[in-house]
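*Asks:* Taken from TrEMBL, the feature domain 'Dihydroneopterin aldolase MtpD C-terminal' applies to D:4-110. TrEMBL lists D:Glu12, D:Met108 with the feature substrate binding site.
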There are 4 protein chains.
Amino acid sequence: MDATESETACFEAGIKFGTLYHQFAGTPVSPESAASLETAMADAIENQPHCVDVTVDVLEDAIADALAEQSADYLELTGRFMEVEMVVEYEGTRVETSMSMAGDYPMMRVDSVE
Amino acid sequence: MDATESETACFEAGIKFGTLYHQFAGTPVSPESAASLETAMADAIENQPHCVDVTVDVLEDAIADALAEQSADYLELTGRFMEVEMVVEYEGTRVETSMSMAGDYPMMRVDSVE
Amino acid sequence: MDATESETACFEAGIKFGTLYHQFAGTPVSPESAASLETAMADAIENQPHCVDVTVDVLEDAIADALAEQSADYLELTGRFMEVEMVVEYEGTRVETSMSMAGDYPMMRVDSVE
Amino acid sequence: MDATESETACFEAGIKFGTLYHQFAGTPVSPESAASLETAMADAIENQPHCVDVTVDVLEDAIADALAEQSADYLELTGRFMEVEMVVEYEGTRVETSMSMAGDYPMMRVDSVE
């Protein structure tokens with residue numbers, strides 16, 4: 001069957017999450033550069049179609065904790081070091097999604113479909 | 001409302017597409033390296049949860065045509081130079097998706113939800 | 001032979017350029033999001049060892065011109081849409097490098113070694 | 001001063017290393033997909049100017065060990081899971097370079113300049 005409007009909206013939301021994660025994973029990051037990376041990530045993804053609002057929290061404290069256990073003074077961004085909320089609107093459907101750690105896995109979720 | 005099973009399946013499919021595109025966009029590619037890149041892209045994305053089958057066609061002819069008009073003998077992979085089909089299964093739902101050019105835009109689509 | 005100090009300094013400078021380009025190539029960008037991307041790119045690369053100063057100019061005008069000829073209202077960042085200057089210091093050697101278009105190719109250059 | 005031929009050769013070698021690392025870091029990988037990723041990475045980077053030979057070893061055993069300690073059955077490629085050798089020739093200079101772990105840091109090195 002063809003996708004419904006709400007299924008397409010969820011597909012679009014998934015695209016944005018995969019984009020955000022794999023465009024920016026690996027970026028050198030430190031507590032000092034976390035803020036500018038948050039802003040750039042949100043602004044970049046908001047360019048994409050149907051993407052209404054993106055909030056990225058790069059977790060300075062988690063980064064600082066990880067740096068205390070390694071030799072270099074920066075690390076590469078992974079899902080462990082960010083939390084994301086994203087709103088996609090497609091036709092009449094609004095999809096709210098988020099990413100945060102579920103145990104050791106950065107889990108992307110659909111929080112609501114309206 | 002919470003997402004239905006089929007909406008979640010479409011969200012998962014979208015994640016895989018965003019991942020594939022933004023992990024590999026920018027990769028140096030030529031007609032000679034197209035085949036190994038196709039295989040690696042498909043194998044990489046098939047690692048992700050719920051991803052049953054991925055087929056990537058890196059378009060050697062389109063690459064060769066573009067190279068004829070530029071000075072370098074390789075280019076950076078973009079959506080213009082690949083076509084992708086992907087099948088995601090989540091619980092009891094099977095989602096078939098694809099990407100190909102719609103005019104000048106690499107369009108990702110849900111082809112069917114069963 | 002082993003690398004000299006100045007050869008190692010140039011190697012380090014090259015690493016930073018490859019990193020900057022291939023981390024951020026493909027990022028969705030528009031004239032409105034150019035400024036935050038510039039800042040994040042510079043801050044990210046300055047985290048890397050021996051990297052003293054990075055200046056990124058994402059070319060809003062070139063982006064606006066390209067957008068006028070395509071259907072989508074954003075594009076993916078490539079070398080055509082940015083100019084970069086970078087200073088690396090390794091031991092006693094200072095290397096100044098830059099990237100800008102040479103015809104149709106984004107050329108990375110060592111401008112001076114002191 | 002202008003860069004010497006050997007300094008430029010080392011700069012070019014650095015570019016290739018930064019490219020390889022940041023293009024492919026974050027790629028979903030498992031022991032089963034390691035081989036195709038190795039081939040694609042080497043083929044991709046060999047497209048770049050002056051790059052004569054690239055050998056990538058994606059470390060299946062290290063990946064398997066890491067997977068035994070986490071919930072997902074794939075991980076994202078980082079420097080911990082690959083070793084690379086690369087030869088760049090620029091004009092009359094041959095530069096041999098490599099990347100492997102130095103403690104907890106993926107160290108890129110110039111091994112020889114001839």
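From the backbone N, Cα and C atoms, a Cβ is placed for every residue, glycine too.
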*Asks:* Report the same-chain neighbours of D:Glu12 (substrate binding site): residues 6+ apart in sequence with Cβ closer than 8 Å to its Cβ, ordered by sequence.
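*Replies:* D:Glu12 (substrate binding site) has long-range Cβ partners D:Pro49, D:His50, D:Cys51, D:Val88, D:Tyr90, D:Val95.
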*Asks:* Name the secondary structure element type, per DSSP in three states, that contains D:Glu12 (substrate binding site).
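*Replies:* In three-state terms, D:Glu12 (substrate binding site) counts as helix.
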*Asks:* Around the Cβ of D:Met108 (substrate binding site), how many other Cβ atoms lie within 10 Å? Please give the count over every shown protein chain.
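*Replies:* For D:Met108 (substrate binding site), the 10 Å Cβ neighbour count is 24.
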*Asks:* Using DSSP, tally how many residues of the domain 'Dihydroneopterin aldolase MtpD C-terminal' (D:4-110) sit in helix, strand and coil.
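*Replies:* Split into helix, strand and coil, the domain 'Dihydroneopterin aldolase MtpD C-terminal' (D:4-110) gives 47 helix, 37 strand, 23 coil.
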*Asks:* Roughly where does the domain 'Dihydroneopterin aldolase MtpD C-terminal' (D:4-110) sit in mean pLDDT, to the nearest integer?
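*Replies:* Averaging the confidence scores along the domain 'Dihydroneopterin aldolase MtpD C-terminal' (D:4-110) gives 97.
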